[in-house]
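Visitor: Please read through the structure below; I'll follow up with questions.
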Amino acid sequence: MRFFQKTKCTLKCLLWVPAALCALYFTCPTVNIFIGFLPMEKCTLEHGKLPTLDNSVDVSLDFWSRTDVQTCTTWKAPIIWEGMFDSKHYDQNHKKEGSSVALTVFAVGRYLDEYLETFLNSSEHHFMVGLPVSYYVFTDMPEKVPHIDLSPQRTLKVIKVQRHSRWQDISMMRMKAISDVIESDIRHHSTHVFCFDVDQVFTGRFGSEALGDSVALLHAYYYHLPKSFYTYDRNPKSKAYMETGDFYYHAAVFGGSWKSVKSLVEACYQNIMEDKQNNVEALWHDESHLNKYLWLHKPSRVLSPEYCWDTQIGYRSDIQVTRLLWAPKQYDKLRTP
């Protein structure tokens, strides 16, 4: 009897190990650095074999130029890292094909004053330079949107949205707003859509190599971790419930063709509303629903954490460039009513 009690106690302790290690990971810089030495899986694509092609120019991707990281998924979609692509080749191809991009961003409440101007100005220098870009700024205070000197072939539209009392609701309800503007406007003008959180700053090229039919982003804090550490929603009552998945994706950046993005945001919104009717809220809100959708509908392109990096993680040898950085978070200041 005592043996079984000890075994039960040991098993309970083991179940807490991942949670404890995860807490250490987010709070201890030394652990962050150590995690960077955990090897990633490797691309199993054979030389001479073609990946899943989003664009004809993808045949030029060099999957073996980065032996230190995973450069393709198990379903043969590319994972884009510095050194894999020729930026001029991609830009020329997308200009020839007439690619154009809509960028959506939400700046509600204090987030507008704190982040929006820096986000938009940095985007002008780094996001899809040379391609037509239409900005869609969703805000509860249109009169406070700053003036931005836009480059040729770039436009900015401001869309007024309701301000919810809870930041979680703002985050989740953006899915409905994005779906509506794709239907009413974006689909008539742009071939692709990218959706961003506003508390970020572009610091390097975020270019046409990122364009694809369905584009997801590896979360900077999870890409080296075993799947057992991924914070999927584990509540069976939620529509976001997952037992396992492929990667942990970051909802701060996602995109694709307007049709694919519309399908994604509509599905996430429907699942969010069904959860609400059942008095359930997913663990990480819209990000949990996005991860569930992208597990069921595999993305055709995955962006490495270069495309949304947090300097608080510290040095990582596999991050050779940073293209978009997390801005300093001030949740206590910005998320209070």
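A Cβ is built for glycine as well, from the same backbone N, Cα and C atoms used for every other residue.
Remember, TrEMBL labels are computer predictions, not curated facts.
According to TrEMBL, the protein carries these features:
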BINDING   PHE106, ALA107, VAL108, TYR111, ASP197, VAL198, ASP199  UDP-N-acetyl-alpha-D-galactosamine binding site
BINDING   ASP197, ASP199  Mn(2+) binding site
ACT_SITE  GLU287  active site, nucleophile
Visitor: Would you mind reading off the Cα separation of the residue listed as 'active site, nucleophile' from ASP197 (UDP-N-acetyl-alpha-D-galactosamine binding site), to the nearest angstrom?
Guide: 12
Visitor: Cβ-Cβ under 8 Å from VAL198 (UDP-N-acetyl-alpha-D-galactosamine binding site), same chain, 6 or more residues apart: which ones?
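Guide: Looking at Cβ-Cβ distances below 8 Å from VAL198 (UDP-N-acetyl-alpha-D-galactosamine binding site), excluding near sequence neighbours, one finds VAL105, PHE106, ALA107, TYR111, LEU112, TYR115, LEU116, PHE119.
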Visitor: Counting other Cβ atoms within 10 Å of each residue's Cβ, which of the recorded positions ASP197, GLU287 comes out lowest?
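Guide: It is ASP197 that, of the recorded positions ASP197, GLU287, has the fewest other Cβ atoms within 10 Å.
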Visitor: With the UDP-N-acetyl-alpha-D-galactosamine site defined by the record as PHE106, ALA107, VAL108, TYR111, ASP197, VAL198, ASP199, how many Å span the farthest pair of C-alpha atoms?
Guide: 11
Visitor: By a 10 A CB contact count over all chains shown, which of the binding-site residues listed here is most packed: PHE106, TYR111?
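Guide: When each Cβ's neighbours within 10 Å are tallied, PHE106 leads.
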Visitor: Starting from each candidate's C-beta and looking 10 angstroms out, tell me which of the binding-site residues ALA107, VAL108 has the most other C-beta atoms.
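Guide: For the binding-site residues ALA107, VAL108, the Cβ with the most other Cβ atoms within 10 Å is ALA107.
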Visitor: For ASP199 (UDP-N-acetyl-alpha-D-galactosamine binding site), just count the other CB atoms lying within 10 A of its CB, please.
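Guide: ASP199 (UDP-N-acetyl-alpha-D-galactosamine binding site) is surrounded by 21 other Cβ atoms within 10 Å.
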